[in-house]
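*Asks:* So TrEMBL lists the following for this protein:
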| type | residues | note |
| --- | --- | --- |
| SIGNAL | 1-25 | signal peptide |
| DISULFID | Cys85-Cys164 | disulfide bond |
| ACT_SITE | His116 | active site, proton acceptor |
| DISULFID | Cys118-Cys123 | disulfide bond |
| DISULFID | Cys170-Cys403 | disulfide bond |
| BINDING | Pro212 | substrate binding site |
| DISULFID | Cys249-Cys281 | disulfide bond |
| COMPBIAS | 288-300 | compositional bias 'Low complexity' |
| REGION | 288-315 | region 'Disordered' |
Amino acid sequence: MDFTRKLSFLVFILCLLFSLKNQNAETNKGSLNMNWFSSYSSPFSKAPLESRPTIHHSSKLEWNTQDFQYSGFESLRYDYYSDSCPGAERIIRSTVRELYNLRPSIVPELLRLVFHDCFIQGCDASVLLDSSEEIHSEKDSPPNESLKGFDQIDIIKEELEEVCPGVVSCADIVVLAARESVILAGGPFYPLYTGRKDSTRSFSDEATFELPSPDDDIIKMVQLFESRGFDSRETVSLLGAHSTGVIHCKFIANRLYNFGGTHKPDPSIDPEFLNTLRTKCTGIEASFSTSASPSRSPSGSPSPSPSSPSSALSSALIKQPGMRMDYEGPRADFGTLYYRSLLQNRGILFVDQQLTASEETQNWVRGYASDASLFGKDFAMAMMKLSSYQVLTAPKGQVRSDCRKVA
(Lines of atoms letter the chains of each structure in order from A; the text may use other names.)
(Lines give C-alpha, C1' and ligand atoms only; values in the text may rest on other atoms or scores of the structure.)
Protein backbone atom coordinates (compact mmCIF):
# COMPACT_ATOMS: atom_id res chain seq x y z
CA MET A 1 0.00 0.00 0.00
CA ASP A 2 1.60 3.32 -1.11
CA PHE A 3 1.77 6.47 0.97
CA THR A 4 -1.34 8.06 -0.56
CA ARG A 5 -3.53 5.04 0.13
CA LYS A 6 -2.22 4.84 3.69
CA LEU A 7 -3.02 8.50 4.20
CA SER A 8 -6.50 8.11 2.75
CA PHE A 9 -7.10 5.06 4.92
CA LEU A 10 -6.08 7.01 8.02
CA VAL A 11 -8.57 9.76 7.18
CA PHE A 12 -11.35 7.21 6.71
CA ILE A 13 -10.59 5.65 10.09
CA LEU A 14 -10.76 9.08 11.73
CA CYS A 15 -14.08 9.85 10.03
CA LEU A 16 -15.48 6.48 11.08
CA LEU A 17 -14.41 7.04 14.69
CA PHE A 18 -16.08 10.44 14.67
CA SER A 19 -19.23 8.88 13.22
CA LEU A 20 -19.36 6.15 15.88
CA LYS A 21 -18.74 8.69 18.59
CA ASN A 22 -21.53 10.90 17.26
CA GLN A 23 -24.03 8.04 17.24
CA ASN A 24 -23.48 7.67 20.99
CA ALA A 25 -23.75 11.38 21.65
CA GLU A 26 -27.01 12.50 20.03
CA THR A 27 -27.71 15.01 22.76
CA ASN A 28 -24.25 16.50 22.63
CA LYS A 29 -24.42 19.83 20.78
CA GLY A 30 -20.71 20.52 20.83
CA SER A 31 -18.34 20.54 17.88
CA LEU A 32 -15.33 18.60 16.73
CA ASN A 33 -12.01 19.97 15.50
CA MET A 34 -10.13 17.93 12.96
CA ASN A 35 -6.71 18.53 11.45
CA TRP A 36 -6.73 18.25 7.69
CA PHE A 37 -4.09 17.19 5.21
CA SER A 38 -0.96 19.31 4.89
CA SER A 39 -1.07 18.82 1.12
CA TYR A 40 -4.47 17.78 -0.14
CA SER A 41 -3.89 17.18 -3.83
CA SER A 42 -3.92 14.01 -5.87
CA PRO A 43 -0.60 12.52 -6.97
CA PHE A 44 -2.38 11.31 -10.12
CA SER A 45 -3.37 14.76 -11.35
CA LYS A 46 -1.51 16.28 -14.26
CA ALA A 47 -2.41 19.78 -13.12
CA PRO A 48 0.58 21.70 -11.73
CA LEU A 49 0.65 21.59 -7.96
CA GLU A 50 0.97 25.36 -7.70
CA SER A 51 -2.43 25.72 -9.38
CA ARG A 52 -4.21 23.78 -6.64
CA PRO A 53 -5.00 24.61 -3.02
CA THR A 54 -2.43 23.71 -0.38
CA ILE A 55 -3.89 22.73 2.96
CA HIS A 56 -1.86 23.57 6.03
CA HIS A 57 -1.85 21.80 9.39
CA SER A 58 -3.06 25.01 10.99
CA SER A 59 -6.37 24.73 9.12
CA LYS A 60 -9.19 23.66 11.44
CA LEU A 61 -12.59 22.35 10.48
CA GLU A 62 -15.46 22.32 12.98
CA TRP A 63 -18.17 19.71 12.55
CA ASN A 64 -21.44 19.52 14.39
CA THR A 65 -21.91 16.19 16.13
CA GLN A 66 -24.50 15.05 13.55
CA ASP A 67 -22.53 15.90 10.41
CA PHE A 68 -21.79 12.29 9.54
CA GLN A 69 -25.13 10.84 10.62
CA TYR A 70 -26.75 10.54 7.23
CA SER A 71 -28.22 7.28 6.05
CA GLY A 72 -25.85 4.71 4.61
CA PHE A 73 -22.53 6.35 5.45
CA GLU A 74 -21.70 3.87 8.17
CA SER A 75 -22.32 0.95 5.77
CA LEU A 76 -19.72 2.05 3.22
CA ARG A 77 -16.08 1.19 3.69
CA TYR A 78 -12.65 2.03 2.43
CA ASP A 79 -11.33 0.07 -0.58
CA TYR A 80 -14.56 -1.92 -0.85
CA TYR A 81 -13.43 -3.62 -4.07
CA SER A 82 -9.97 -4.63 -2.85
CA ASP A 83 -10.83 -8.33 -3.17
CA SER A 84 -13.71 -8.45 -5.69
CA CYS A 85 -12.24 -5.99 -8.20
CA PRO A 86 -8.90 -4.62 -6.97
CA GLY A 87 -8.29 -2.51 -10.07
CA ALA A 88 -11.70 -0.80 -10.04
CA GLU A 89 -10.64 2.68 -8.94
CA ARG A 90 -7.57 2.59 -11.19
CA ILE A 91 -9.76 1.69 -14.19
CA ILE A 92 -12.19 4.51 -13.42
CA ARG A 93 -9.36 6.98 -12.98
CA SER A 94 -7.53 6.04 -16.18
CA THR A 95 -10.70 5.88 -18.27
CA VAL A 96 -11.85 9.32 -17.12
CA ARG A 97 -8.43 10.72 -18.02
CA GLU A 98 -8.50 9.10 -21.46
CA LEU A 99 -11.95 10.55 -22.09
CA TYR A 100 -10.80 13.94 -20.82
CA ASN A 101 -7.91 13.96 -23.27
CA LEU A 102 -10.42 13.46 -26.06
CA ARG A 103 -13.02 15.90 -24.73
CA PRO A 104 -12.19 18.13 -21.74
CA SER A 105 -15.85 19.14 -21.35
CA ILE A 106 -16.53 15.84 -19.59
CA VAL A 107 -15.15 17.38 -16.38
CA PRO A 108 -18.10 19.68 -15.60
CA GLU A 109 -20.50 17.10 -17.04
CA LEU A 110 -19.44 14.41 -14.57
CA LEU A 111 -19.36 16.88 -11.70
CA ARG A 112 -22.88 18.06 -12.45
CA LEU A 113 -24.05 14.48 -12.87
CA VAL A 114 -23.02 13.45 -9.36
CA PHE A 115 -24.87 16.41 -7.87
CA HIS A 116 -28.07 15.72 -9.79
CA ASP A 117 -27.92 12.07 -8.76
CA CYS A 118 -27.09 12.50 -5.09
CA PHE A 119 -29.40 15.45 -4.44
CA ILE A 120 -32.47 13.40 -5.41
CA GLN A 121 -33.03 10.42 -3.08
CA GLY A 122 -29.30 9.98 -2.50
CA CYS A 123 -26.33 8.63 -4.48
CA ASP A 124 -27.97 5.61 -6.08
CA ALA A 125 -27.44 6.08 -9.85
CA SER A 126 -31.19 6.62 -10.30
CA VAL A 127 -30.43 9.52 -12.65
CA LEU A 128 -28.83 7.10 -15.12
CA LEU A 129 -31.96 5.02 -15.73
CA ASP A 130 -33.69 5.40 -19.09
CA SER A 131 -37.47 5.63 -19.33
CA SER A 132 -39.37 2.38 -19.80
CA GLU A 133 -42.84 1.00 -19.19
CA GLU A 134 -42.07 0.84 -15.48
CA ILE A 135 -39.78 3.84 -15.13
CA HIS A 136 -40.32 7.56 -15.71
CA SER A 137 -36.72 8.69 -16.01
CA GLU A 138 -35.21 11.58 -14.09
CA LYS A 139 -33.43 12.43 -17.34
CA ASP A 140 -36.76 13.65 -18.74
CA SER A 141 -37.39 16.14 -15.93
CA PRO A 142 -36.93 19.80 -16.94
CA PRO A 143 -33.88 20.46 -14.69
CA ASN A 144 -32.09 17.50 -16.30
CA GLU A 145 -32.79 18.32 -19.94
CA SER A 146 -29.24 19.55 -20.48
CA LEU A 147 -27.60 16.96 -18.23
CA LYS A 148 -24.72 15.09 -19.88
CA GLY A 149 -22.11 12.51 -18.98
CA PHE A 150 -24.26 9.40 -19.46
CA ASP A 151 -22.18 8.10 -22.36
CA GLN A 152 -19.00 8.50 -20.34
CA ILE A 153 -20.44 6.47 -17.47
CA ASP A 154 -21.44 3.79 -20.00
CA ILE A 155 -17.86 3.60 -21.27
CA ILE A 156 -16.43 3.31 -17.77
CA LYS A 157 -18.98 0.63 -16.90
CA GLU A 158 -18.08 -1.38 -20.01
CA GLU A 159 -14.41 -1.28 -19.05
CA LEU A 160 -15.22 -2.58 -15.57
CA GLU A 161 -17.61 -5.26 -16.80
CA GLU A 162 -14.86 -6.75 -18.95
CA VAL A 163 -12.62 -7.18 -15.89
CA CYS A 164 -15.11 -7.67 -13.04
CA PRO A 165 -18.59 -8.43 -14.39
CA GLY A 166 -21.47 -7.60 -12.07
CA VAL A 167 -19.27 -6.24 -9.27
CA VAL A 168 -18.86 -2.45 -9.39
CA SER A 169 -22.06 -0.44 -8.98
CA CYS A 170 -22.99 2.44 -11.25
CA ALA A 171 -23.49 4.58 -8.13
CA ASP A 172 -19.85 4.08 -7.14
CA ILE A 173 -18.75 4.85 -10.70
CA VAL A 174 -20.61 8.17 -10.64
CA VAL A 175 -19.01 9.42 -7.41
CA LEU A 176 -15.51 8.16 -8.27
CA ALA A 177 -15.65 9.63 -11.78
CA ALA A 178 -16.79 12.95 -10.32
CA ARG A 179 -13.84 12.97 -7.93
CA GLU A 180 -11.49 12.50 -10.86
CA SER A 181 -13.19 15.37 -12.68
CA VAL A 182 -12.58 17.64 -9.69
CA ILE A 183 -8.88 16.80 -9.80
CA LEU A 184 -8.71 17.44 -13.53
CA ALA A 185 -10.37 20.83 -12.98
CA GLY A 186 -7.58 21.76 -10.58
CA GLY A 187 -9.52 20.99 -7.40
CA PRO A 188 -8.56 18.86 -4.39
CA PHE A 189 -8.36 15.09 -4.12
CA TYR A 190 -10.67 13.62 -1.48
CA PRO A 191 -10.96 10.01 -0.29
CA LEU A 192 -14.21 8.12 -0.77
CA TYR A 193 -15.81 5.12 0.83
CA THR A 194 -17.35 2.67 -1.63
CA GLY A 195 -19.97 -0.07 -1.57
CA ARG A 196 -22.99 1.81 -2.90
CA LYS A 197 -25.73 -0.15 -4.64
CA ASP A 198 -27.91 0.96 -7.55
CA SER A 199 -31.54 1.96 -7.28
CA THR A 200 -34.30 0.05 -9.07
CA ARG A 201 -36.37 3.23 -9.25
CA SER A 202 -36.16 6.67 -10.80
CA PHE A 203 -37.59 9.82 -9.21
CA SER A 204 -38.74 12.15 -11.97
CA ASP A 205 -41.18 14.23 -9.91
CA GLU A 206 -38.62 14.84 -7.19
CA ALA A 207 -36.04 15.86 -9.79
CA THR A 208 -38.53 18.27 -11.34
CA PHE A 209 -39.36 20.13 -8.15
CA GLU A 210 -36.49 19.55 -5.69
CA LEU A 211 -33.34 20.28 -7.68
CA PRO A 212 -32.01 23.81 -7.14
CA SER A 213 -32.84 26.21 -9.96
CA PRO A 214 -30.49 28.78 -11.55
CA ASP A 215 -33.12 31.37 -10.58
CA ASP A 216 -33.48 30.41 -6.89
CA ASP A 217 -32.99 33.18 -4.35
CA ILE A 218 -30.85 32.74 -1.25
CA ILE A 219 -33.76 31.69 0.97
CA LYS A 220 -34.96 28.93 -1.37
CA MET A 221 -31.43 27.71 -2.01
CA VAL A 222 -30.48 27.46 1.66
CA GLN A 223 -33.75 25.67 2.44
CA LEU A 224 -33.14 23.06 -0.26
CA PHE A 225 -29.66 22.28 1.00
CA GLU A 226 -30.71 22.34 4.65
CA SER A 227 -33.43 19.78 3.88
CA ARG A 228 -30.60 17.42 2.95
CA GLY A 229 -28.43 18.16 5.95
CA PHE A 230 -26.07 20.76 4.47
CA ASP A 231 -25.49 23.99 6.38
CA SER A 232 -24.70 27.39 4.87
CA ARG A 233 -20.97 26.79 4.90
CA GLU A 234 -21.32 23.52 3.01
CA THR A 235 -23.81 25.06 0.59
CA VAL A 236 -21.43 27.86 -0.33
CA SER A 237 -18.51 25.47 -0.73
CA LEU A 238 -20.49 23.01 -2.89
CA LEU A 239 -21.51 25.77 -5.27
CA GLY A 240 -17.80 26.25 -5.86
CA ALA A 241 -18.25 23.40 -8.35
CA HIS A 242 -19.48 26.17 -10.65
CA SER A 243 -15.81 27.03 -11.10
CA THR A 244 -15.77 24.91 -14.24
CA GLY A 245 -18.06 24.37 -17.22
CA VAL A 246 -20.16 26.48 -19.56
CA ILE A 247 -23.39 28.24 -18.62
CA HIS A 248 -25.70 28.25 -21.62
CA CYS A 249 -27.52 31.45 -22.53
CA LYS A 250 -30.84 29.78 -21.73
CA PHE A 251 -30.06 29.96 -18.01
CA ILE A 252 -29.06 33.63 -17.90
CA ALA A 253 -31.22 35.21 -20.63
CA ASN A 254 -33.74 36.60 -18.14
CA ARG A 255 -30.99 38.24 -16.08
CA LEU A 256 -29.62 39.95 -19.17
CA TYR A 257 -32.81 41.36 -20.68
CA ASN A 258 -35.97 40.74 -18.66
CA PHE A 259 -35.18 40.27 -14.98
CA GLY A 260 -38.35 39.59 -13.01
CA GLY A 261 -40.49 40.56 -16.00
CA THR A 262 -39.18 44.15 -15.95
CA HIS A 263 -37.68 44.05 -19.46
CA LYS A 264 -34.52 45.32 -17.83
CA PRO A 265 -31.34 43.51 -16.74
CA ASP A 266 -30.68 42.29 -13.22
CA PRO A 267 -29.41 45.43 -11.44
CA SER A 268 -27.00 43.33 -9.36
CA ILE A 269 -24.81 42.54 -12.40
CA ASP A 270 -21.69 44.64 -12.83
CA PRO A 271 -22.40 46.84 -15.93
CA GLU A 272 -19.17 45.93 -17.70
CA PHE A 273 -19.76 42.24 -17.07
CA LEU A 274 -23.35 42.63 -18.29
CA ASN A 275 -22.02 43.80 -21.66
CA THR A 276 -19.66 40.81 -21.76
CA LEU A 277 -22.51 38.39 -21.11
CA ARG A 278 -24.74 40.05 -23.69
CA THR A 279 -21.97 39.72 -26.25
CA LYS A 280 -21.94 35.96 -25.60
CA CYS A 281 -25.72 35.70 -25.86
CA THR A 282 -26.54 37.80 -28.91
CA GLY A 283 -29.77 38.38 -30.80
CA ILE A 284 -32.22 37.46 -28.06
CA GLU A 285 -33.35 40.79 -26.58
CA ALA A 286 -36.31 41.30 -28.93
CA SER A 287 -37.61 37.82 -28.27
CA PHE A 288 -38.55 38.66 -24.70
CA SER A 289 -41.26 41.10 -25.70
CA THR A 290 -43.46 38.23 -26.88
CA SER A 291 -42.07 35.15 -25.15
CA ALA A 292 -44.02 33.19 -22.60
CA SER A 293 -43.58 29.69 -21.25
CA PRO A 294 -44.73 27.60 -18.30
CA SER A 295 -42.84 28.06 -15.08
CA ARG A 296 -43.33 26.72 -11.61
CA SER A 297 -45.66 28.67 -9.40
CA PRO A 298 -45.12 28.65 -5.62
CA SER A 299 -47.54 25.72 -5.46
CA GLY A 300 -45.45 23.77 -7.92
CA SER A 301 -48.01 23.80 -10.74
CA PRO A 302 -47.23 25.26 -14.18
CA SER A 303 -48.22 28.87 -14.79
CA PRO A 304 -47.45 31.26 -17.63
CA SER A 305 -44.60 33.70 -17.04
CA PRO A 306 -43.67 36.56 -19.38
CA SER A 307 -40.18 36.62 -17.88
CA SER A 308 -39.31 33.17 -19.21
CA PRO A 309 -38.15 32.50 -22.77
CA SER A 310 -40.38 30.40 -25.04
CA SER A 311 -39.60 26.77 -25.73
CA ALA A 312 -38.35 27.63 -29.21
CA LEU A 313 -36.17 30.39 -27.82
CA SER A 314 -34.85 28.09 -25.09
CA SER A 315 -33.82 25.56 -27.71
CA ALA A 316 -32.02 28.28 -29.64
CA LEU A 317 -30.29 29.60 -26.54
CA ILE A 318 -29.02 26.20 -25.46
CA LYS A 319 -27.20 25.96 -28.79
CA GLN A 320 -25.35 29.24 -28.25
CA PRO A 321 -21.78 29.05 -26.92
CA GLY A 322 -22.69 30.46 -23.52
CA MET A 323 -20.24 31.73 -20.91
CA ARG A 324 -17.38 29.73 -19.49
CA MET A 325 -17.35 29.62 -15.70
CA ASP A 326 -13.56 29.52 -15.78
CA TYR A 327 -13.40 32.46 -18.19
CA GLU A 328 -9.85 33.30 -17.09
CA GLY A 329 -8.70 29.86 -18.19
CA PRO A 330 -9.07 26.22 -17.03
CA ARG A 331 -7.51 25.40 -13.63
CA ALA A 332 -7.09 29.09 -12.87
CA ASP A 333 -7.52 29.13 -9.10
CA PHE A 334 -10.29 26.53 -8.90
CA GLY A 335 -12.84 28.01 -6.52
CA THR A 336 -11.23 31.28 -5.60
CA LEU A 337 -11.89 32.92 -8.99
CA TYR A 338 -15.56 31.97 -8.67
CA TYR A 339 -15.90 33.58 -5.24
CA ARG A 340 -13.90 36.67 -6.19
CA SER A 341 -16.24 37.14 -9.14
CA LEU A 342 -19.24 37.10 -6.81
CA LEU A 343 -17.70 39.86 -4.68
CA GLN A 344 -17.36 41.93 -7.87
CA ASN A 345 -21.03 41.30 -8.82
CA ARG A 346 -19.84 39.11 -11.67
CA GLY A 347 -21.72 35.95 -10.82
CA ILE A 348 -23.00 34.37 -14.02
CA LEU A 349 -26.05 32.65 -12.55
CA PHE A 350 -28.53 34.45 -10.31
CA VAL A 351 -28.32 31.62 -7.78
CA ASP A 352 -24.55 32.14 -7.62
CA GLN A 353 -24.75 35.89 -7.06
CA GLN A 354 -27.33 35.28 -4.34
CA LEU A 355 -24.55 33.86 -2.16
CA THR A 356 -23.70 37.47 -1.38
CA ALA A 357 -27.30 38.32 -0.45
CA SER A 358 -27.07 37.18 3.17
CA GLU A 359 -24.43 38.03 5.74
CA GLU A 360 -23.70 34.41 6.67
CA THR A 361 -23.19 33.12 3.14
CA GLN A 362 -21.33 36.27 2.07
CA ASN A 363 -18.85 35.75 4.91
CA TRP A 364 -18.01 32.31 3.50
CA VAL A 365 -17.74 33.77 0.00
CA ARG A 366 -15.19 36.26 1.31
CA GLY A 367 -13.34 33.54 3.18
CA TYR A 368 -13.03 31.28 0.14
CA ALA A 369 -12.11 34.18 -2.14
CA SER A 370 -9.13 35.03 0.05
CA ASP A 371 -8.04 31.57 1.24
CA ALA A 372 -7.65 28.81 -1.34
CA SER A 373 -6.66 26.28 1.31
CA LEU A 374 -9.83 26.92 3.31
CA PHE A 375 -11.96 26.40 0.21
CA GLY A 376 -10.06 23.28 -0.84
CA LYS A 377 -10.55 21.71 2.57
CA ASP A 378 -14.23 22.61 2.87
CA PHE A 379 -15.05 21.64 -0.70
CA ALA A 380 -13.38 18.25 -0.24
CA MET A 381 -15.31 17.52 2.95
CA ALA A 382 -18.60 18.70 1.43
CA MET A 383 -18.06 16.48 -1.61
CA MET A 384 -17.34 13.50 0.66
CA LYS A 385 -20.58 14.18 2.49
CA LEU A 386 -22.59 14.67 -0.71
CA SER A 387 -21.14 11.49 -2.23
CA SER A 388 -22.35 9.44 0.74
CA TYR A 389 -25.77 11.01 1.12
CA GLN A 390 -28.58 8.45 1.62
CA VAL A 391 -26.79 5.69 -0.24
CA LEU A 392 -28.17 2.20 -0.82
CA THR A 393 -26.08 -0.63 0.59
CA ALA A 394 -26.57 -4.40 0.69
CA PRO A 395 -29.04 -6.02 1.01
CA LYS A 396 -30.88 -3.06 -0.58
CA GLY A 397 -30.41 -2.10 -4.20
CA GLN A 398 -28.52 -4.00 -6.88
CA VAL A 399 -25.48 -3.83 -9.16
CA ARG A 400 -26.62 -3.09 -12.69
CA SER A 401 -24.73 -4.59 -15.60
CA ASP A 402 -26.11 -1.77 -17.75
CA CYS A 403 -26.32 1.56 -15.93
CA ARG A 404 -29.34 2.58 -18.00
CA LYS A 405 -31.49 -0.42 -17.10
CA VAL A 406 -32.63 -2.20 -13.96
CA ALA A 407 -30.86 -5.54 -13.69
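Each residue, glycine too, has its Cβ placed from N, Cα and C.
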*Asks:* Other than its own, how many Cβ atoms are within 10 Å of the Cβ belonging to Cys123 (disulfide bond)?
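*Replies:* Result for Cys123 (disulfide bond): 29 other Cβ atoms within 10 Å.
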*Asks:* Would you count the other C-beta atoms found within 10 angstroms of the C-beta of Cys249 (disulfide bond) for me?
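*Replies:* Cβ-Cβ neighbours of Cys249 (disulfide bond) within 10 Å number 26.
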*Asks:* Would you mind checking how many other C-beta atoms are within 10 angstroms of the C-beta on Cys403 (disulfide bond)?
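*Replies:* Cys403 (disulfide bond) is surrounded by 22 other Cβ atoms within 10 Å.
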*Asks:* By a simple count of other Cβ atoms within 10 Å, which of Cys85, Cys118, the disulfide-bonded residues in the record, is least packed?
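*Replies:* Looking at the disulfide-bonded residues Cys85, Cys118, the Cβ with the fewest others within 10 Å is that of Cys85.
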*Asks:* Just how many other Cβ atoms lie inside 10 Å of the Cβ on Pro212 (substrate binding site)?
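*Replies:* Here the count is 19.
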*Asks:* Neighbour count first, Cβ atoms within 10 Å, every protein chain included; then name which of Cys164, Cys170, Cys281 tops the list of disulfide-bonded residues.
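*Replies:* Max Cβ neighbours within 10 Å, all protein chains included: Cys170.
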*Asks:* Taking the Cα atoms as reference points, how far is Pro212 (substrate binding site) from His116 (active site, proton acceptor) in Å?
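*Replies:* Spelling it out, the Cα of Pro212 (substrate binding site) and the Cα of His116 (active site, proton acceptor) are 9 Å apart.
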